[in-house]
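These notes concern the structure reproduced below.
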Amino acid sequence: MADYLEQNHDRIFAANKAWAEEQIARDPDFFNKLSQGQTPEYLWIGCSDSRMPAETITGMKPGEAFIHRNIANLVNNIDLNVMSVINYAVRHLQVKHIIVCGHYGCGGVRAAMTAKDLGILNPWLRNIRDIYRIHETELDSIKCDSARYDRLVELNVVEQCRNVIKTAALQQNYAENGYPVVHGWVFDFRTGMLKDLKIDFAKILADIQKIYNITE
Ligand SMILES: [Zn+2]
């Protein structure tokens with residue numbers, strides 16, 4: 001086992017060296033440019049799932065996306081981590097797009113659909129159980145278990161987009177500059193394709209501001 005662990009560890013450094021050499025071969029100035037700072041246009045909020053690396057599936061290069069990932073791509077308003085990421089990305093980096101990206105087959109969403117004590121994950125996944133409750137009529141009308149699971153993945157993404165839109169950073173920056181715009185996407189392992197849920201950003205923002213307006 002020890003040999004395996006060592007090899008498994010060392011191969012990352014070998015791959016890193018090969019990658020760095022490849023970048024320099026393609027553009028000798030590549031790392032100089034990266035060192036100058038970042039001006040990413042996208043904030044990506046995705047699931048921690050190892051099968052959906054943001055840059056790999058979108059072709060984005062280093063410097064193009066500011067990235068936050070957690071179990072089931074949740075935007076919880078008392079999570080200092082995600083709230084700091086959104087604040088920094090919007091107010092300082094001035095990102096133009098915020099993407100919440102979930103994925104079909106999400107273990108976090110599946111766990112939230114399971115009636116079971118999940119220990120430390122209970123408070124985290126309760127955010128998804130609350131979404132089930134909000135959309136209970138629609139979800140319970142879907143008889144096929146896997147279709148209901150897929151739909152909850154989508155509804156979770158839409159609700160997390162709403163949570164991004166509830167933040168002062170988003171509302172104030174959008175009122176001032178006309179960006180960032182929020183998008184809800186779902187990644188499908190079965191095809192490798194991203195699906196745009198085409199949320200109606202302007203309508204959601206207007207609806208939310210009836211109650212959560214914090215542009216002043
Ligand atoms: Zn997931």
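Each residue's number is its place along the chain shown, starting with 1.
Glycine is no exception: its Cβ is also placed from the backbone N, Cα and C atoms.
Here TrEMBL flags CYS47, ASP49, HIS103, CYS106 as Zn(2+) binding site.
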For the Zn(2+) site (CYS47, ASP49, HIS103, CYS106), what does the 8 A shell look like? I mean other same-chain residues with CB within 8 A of the CB centroid. GLY46, SER48, ARG51, MET52, ALA72, ASN73, GLY102, GLY105, GLY107, GLY108, VAL109, VAL153, PHE187
Just jot down the residues in the same chain as HIS103 (Zn(2+) binding site), at least 6 apart in sequence, with C-beta under 8 A of its C-beta; none if empty. GLY46, CYS47, ASP49, ARG51, MET52, VAL153, VAL186, PHE187, ASP188, PHE189
Are there any residues in the same chain, six or more apart in sequence, whose C-beta is under 8 angstroms from the C-beta of CYS106 (Zn(2+) binding site), and if so which? CYS47, ASP49, ALA72, VAL153, ASN156
CYS47 (Zn(2+) binding site) has its Cβ surrounded, within 10 angstroms, by a count of other Cβ atoms equal to 26
